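Feature annotation from TrEMBL assigns active site to Asp34. The active site, proton acceptor annotation in TrEMBL covers Asn82. Here TrEMBL flags Asp34, Glu221 as Mg(2+) binding site. According to TrEMBL, the substrate binding site annotation covers 35-39, Arg47, His51, 79-81, Trp83, Arg85, Arg202, 208-210.
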Amino acid sequence: MFQRLRALFGKATIKPSQTLDTENIPQHIAIIMDGNGRWAKSRGLPRMAGHHSGMKTVKRITMAADRLGVKFLTLYAFSTENWKRPKAEVEFLMKLPQEFLSIELNELIEKNVQVRMMGYKSDLPDHTLHAIEEAMHKTANNTGLVLNFALNYGSRSEMLEAVRQIGQSVKAGDLQPEDIEETHLADRLLTAGMPDPDLLIRTSGELRLSNFMLWQLAYSEMWFTDVYWPEFTEEHFYDAITEYQRRARRYGGL
Ligand code: IPE
Ligand code: IPE
Ligand code: MG
């Protein structure tokens, strides 16, 4: 086991928790990256500094997930409700994807990471959408970690849209109401084709889902920490996975 961990981490100074079982790594980890603003405030900095610093955590955790062999990493970056924030903050947040990708895209390509986006594209500024679509296009054939950004994402809208589509199929006579099954809904969600998250992490001490993956998280293990996103490290990430590995997932059975 120690040999395997050595092989995984090479000469890196980062040591995974001793209890981390490389045979039981969650296939899909979803993270509500929260606390950027409070982190900044606690240091007397503007909220934007927190968002900027949070970008470095995105890089750190993406690379850690990749090294561990996680298959899907979904990061909640902007919710459908975050448009309520002051215009200057929204504008700043909308510039982060292009800044992040202009710095990191080459390394993501090199690491065989596939970039995806989950959310409503039509409301995004052109520059934001352009940067993401370029990254998606350049990494479309990559077969490693899927880095899925939830951007302008809201779970209720996602489910409503799926229900509307099902309604259309019923109206067209292609589907009978009594034949509607879970897969009809799941296949119309923005996560179609992806496994449900095994593990949900939320930083910053908030204990709620904030309209994130309400359908998909039905049987996910949840892990919360008071740590603000900008100071969330690989060690915290390994702690979450270690705790996940201690849980017994019963899915209603015994
Ligand atoms: C998370 O940090 C980032 C986004 C929601 C875009 P916040 O900006 O919510 O930080 P807090 O919760 O105000 O500290
Ligand atoms: C959830 O965080 C959205 C993201 C992390 C992108 P919020 O900070 O928007 O959530 P609430 O408002 O505290 O529920
Ligand atoms: Mg918040």
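Cβ from N, Cα, C; glycine included.
Annotated features taken from TrEMBL, shown on the structure.
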residue: Asp34; record: active site; contacts (Cβ under 8 Å, 6+ apart): Arg202, Thr203, Ser204, Glu206, Ser210, Tyr228, Trp229
residue: Gly35; record: substrate binding site; contacts (Cβ under 8 Å, 6+ apart): Gly50, Thr203, Ser204, Gly205, Glu206, Val227, Tyr228, Trp229, Pro230
residue: Gly37; record: substrate binding site; contacts (Cβ under 8 Å, 6+ apart): Arg47, Gly50, His51
residue: Trp39; record: substrate binding site; contacts (Cβ under 8 Å, 6+ apart): Gly50, Ser53, Gly54, Tyr228, Trp229, Pro230, Glu231
residue: Thr80; record: substrate binding site; contacts (Cβ under 8 Å, 6+ apart): Gly119, Tyr120, Asn152, Tyr153, Gly154, Ser157, Asn211
residue: Trp83; record: substrate binding site; contacts (Cβ under 8 Å, 6+ apart): Val90, Asp123
residue: Leu209; record: substrate binding site; contacts (Cβ under 8 Å, 6+ apart): Ile32, Ser155, Leu217
residue: Glu221; record: Mg(2+) binding site; contacts (Cβ under 8 Å, 6+ apart): Pro26, Asp198, Leu199, Leu200, Tyr244, Arg247, Arg249
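Within the same chain, the residues at least 6 positions away from the residue listed as 'active site, proton acceptor' whose Cβ sits under 8 Å from its Cβ are Val90, Leu93, listed in sequence order. A 10 Å cutoff on Cβ-Cβ distances gives His51 (substrate binding site) a total of 22 other Cβ atoms nearby, all chains included.
In this structure, Asp34 are the recorded positions from Asp34, Asn82, Trp83, Arg202, Leu209 whose C-beta falls under 6 Å of some atom of ligand 3.
Here the Cβ of Arg202 (substrate binding site) has 23 other Cβ atoms within 10 Å, regardless of which shown protein chain they belong to.
Under 6 Å, Cβ to nearest atom of ligand 1: this is the test, and of the recorded positions Asp34, Gly35, Gly37, Thr80, Arg202, Glu221 it is passed by Asp34, Gly35, Gly37.
Checking the binding-site residues Gly35, His51, Thr80, Trp83, Arg202, Leu209 against ligand 2 with a 6 Å cutoff on the Cβ atom leaves no residue at all. Taken residue by residue with DSSP, Gly35 (substrate binding site) is part of neither helix nor strand, so it is coil.
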